Each structure stands twice: as structure tokens, then as C-alpha cells.
């Protein structure tokens, strides 16, 4: 039986941040935990699925592999043979929520994961439709290459905090209650840096700009977001790096407008072509193509050219190009042209176009009836 999608198991979107994933996990883990559903095999199986999904989606490397290859990334021993097994104690799930209140915390605070970054990328319509690889340069915090993220001077090590003795927490008595709090001396890390690194001054990270090559898939549109796992800021003291999100913005095109997978454009034609019909050239993203215009074409008519639109990045059929005809009124007429048009108008039966312009005749008949009704 096919395995369920990890994001669906936790009820989060594919772009969910780590804190959203942790929140969803805690809610579901409390509901299906074996200690609360003793003897319920379905709840036990559901809990294992939840824990497996959580362990993948909170590990940046595993999540990146899963996003690219799905469950196949962990088949044939890819997870080291049962890397998700085992139960979980309630204190593991909820200790960091209730620890400060009841003194049952999980001890030393983990080093903070690096912050996620966002980069706004403008693309031309052609680049968005066909795909492109672009180089970007971003300011970020990277792991210090001297101390390798420890913050300590090479040859030295962080020292155990003398206040909390390495636990990251201290106990404060308030009347009959003992409350555990984050150690104010080491900020919960359990260690102190006595001899800080000269380059990063004990932070373990340095400010730097880096250049990345970003592959934009064909078919993206404004609002789409591309995730580059591990390309955000470096984590504190060796913690995992954050992610980089590239936000796509497609620039306005001088000819085409995009709606979903379809492209739209306006094609001007003269009134003679509209009346008599003929063949014109229209632009597409792949070059010019011929379009046959039938006689008696009215302005605003849409002509659909199938398969000349956009193929969505999410798959599916290629969109179409819809050409909207605009019949232009001639300008800059010479005397001969004016005379011919005057003769043509007379042949139509006057301005109302009784013989050849049914819409005009219908309109003027309606106007006449309106005023006749007013004078009765």
C-alpha cells in the first residue's frame, strides 16, 4: 500500500516552517500517543506515522531529499534500517512547553537553527515560461571557518557553565514552589566560551555575502516560491542552517498577459480585413504564426490557438494563446479614401447601416422606440 504524504499526515503545507511542523506534531502526538490509547492498534500505527513524518520534516537534509524524491529517498536502507522506530515519552513531546511551569523541562537548550532568508527575484515572462538559471548574491551569516561554529578560539573548548553545571537551567524557589528557568548566565546552552574566537568573537558565525546558482523551473508564475534547503543563515554553534526562499515576481510583458496557463494578446486589424477576412501574422512566445480571420469579424472576438500558452510548473496540459481582435478606425485619410468611404456608407443605407450593420440598426431602432414611448 502506498505510504501517505508526510505533509498530509501532519496536516501542514509543503512550505510550512519548522515551528508549524512542531506545533502540528505535538497536537497529533497527544491525541494518538499509546499511553492514552492503550490496546488501540490503529492509534499506535497512526502515532508511528506521525513520528516518522515529524523526524523527516524537522531534519533539513531529510526534508530536502523527501521534497525532491518522496518516499523513494529513504527506500532500500536509505534511512539506515528503521530510522523512525521507537516510541516517545510525553516529556519529550511537551517538556519544552511545560518545563518552565512545573520544573520538568528538558534541560539544556538546543542551539538555535539558522534563520530562513527570502530573496525576491524578478523574471521576464519568457524566463518564467521556459525556465532559467540565475546567479544571485545574498548577505547572510555563515559558519565561522576558524572555529567551525563553536565560537571558541582554536585549541580551546567551551567550558561548562558554573551556574547551571551544564544543565542549561536553574531552579528558583518561590514559597512552596520550585520553578526551573533558563540559566541567565549561559542563556540555556550549558556552556560558556572563556576564550572566544578572534574572528567571530564567540558567536560562531560571521557576516558574509555568498553567490548561489538558482535553477528556476519552467512554468513558474508570480507568487511561486522556490525553497533552497540549508542555504539560509548558519545555525548557532553548529546547529542546522535555515533555508532560502526565492520569491518569484514576473515582470509585465509589452504584448502578452498571463492568466493561469493561458496567454492573452490584442491583435489590431483594419476594418477592411474585418469585413472581408484574410490572413494575418500574430506573435507567440515561439515566433510568428498565421491566423485566418473570417469575414464579418467583429471587434473583441477571441481566437484560440491551442498549445501556444504555458505549461505549468505543476504539470498538466499546455495552455492556449487567446488573440483578441481590435478593429481599428482608419486615420489620416486622403480625399479619395474619404470619398470611397462616403460612397460605402451610402450603400449601407446611411449611418444606421440598415442593410449591412444589424447591430447598429437594432440600436437605433431601440433609441427611436424609447423616444416614441416618451412622447405618447
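Any Cβ shown, glycine's included, is placed from N, Cα and C.
According to Swiss-Prot:
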BINDING   144, 147, 197, 200  Zn(2+) 1 binding site
BINDING   161, 164, 183, 186  Zn(2+) 2 binding site
DOMAIN    3-72  domain 'J'
REPEAT    144-151  repeat 'CXXCXGXG motif'
REPEAT    161-168  repeat 'CXXCXGXG motif'
REPEAT    183-190  repeat 'CXXCXGXG motif'
REPEAT    197-204  repeat 'CXXCXGXG motif'
ZN_FING   131-209  zinc finger
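Within 8 Å of the centroid defined by the CB atoms of 144, 147, 197, 200, the record's Zn(2+) 1 site, lie the Cβ atoms of 145, 146, 148, 149, 150, 151, 152, 196, 198, 199, 201, 202, 203, 204, 205, 206, excluding the listed residues themselves. Taking Cβ-Cβ distances under 8 Å and a sequence gap of 6 or more within the same chain, the neighbours of residue 144 (Zn(2+) 1 binding site) are 151, 197, 199, 200, 203, 204, 205, 206. Between the repeat 'CXXCXGXG motif' (197-204) and the stretches 144-151, 161-168, 183-190, Cβ pairs under 8 Å are most numerous for 144-151. Across all of the domain 'J' (3-72), the predicted model scores a mean pLDDT of 87.
Tertiary proximity for the repeat 'CXXCXGXG motif' (144-151) is limited to same-chain residues at least six positions away from its ends with a CB under 8 Å from its CB atoms, namely 157-158, 193, 196-200, 202-206, 234-235, 237-238. The number of other Cβ atoms within 10 Å of the Cβ belonging to residue 186 (Zn(2+) 2 binding site), over all protein chains shown, comes to 25.
Distance from the CA of residue 147 (Zn(2+) 1 binding site) to the CA of residue 164 (Zn(2+) 2 binding site) is 25 Å. Helix, strand and coil content of the domain 'J' (3-72), in residues and according to DSSP, is 50 helix, 0 strand, 20 coil. Other residues of the same chain near the Zn(2+) 2 site, with their Cβ within 8 Å of the Cβ centroid of 161, 164, 183, 186, are 162, 163, 165, 166, 167, 168, 169, 170, 184, 185, 187, 188, 189, 190, 191, 192. Geometry remark: residue 186 (Zn(2+) 2 binding site) versus residue 147 (Zn(2+) 1 binding site), CA distance 19 Å. Counting only the Cα atoms, the space from residue 183 (Zn(2+) 2 binding site) to residue 147 (Zn(2+) 1 binding site) is about 24 angstrom. Non-local neighbourhood of residue 147 (Zn(2+) 1 binding site): 153, 154, 197, 199, 200, 204, each in the same chain, at least six residues away, with C-beta under 8 Å from its C-beta. According to DSSP, the repeat 'CXXCXGXG motif' (161-168) comprises 0 helix, 0 strand, 8 coil.
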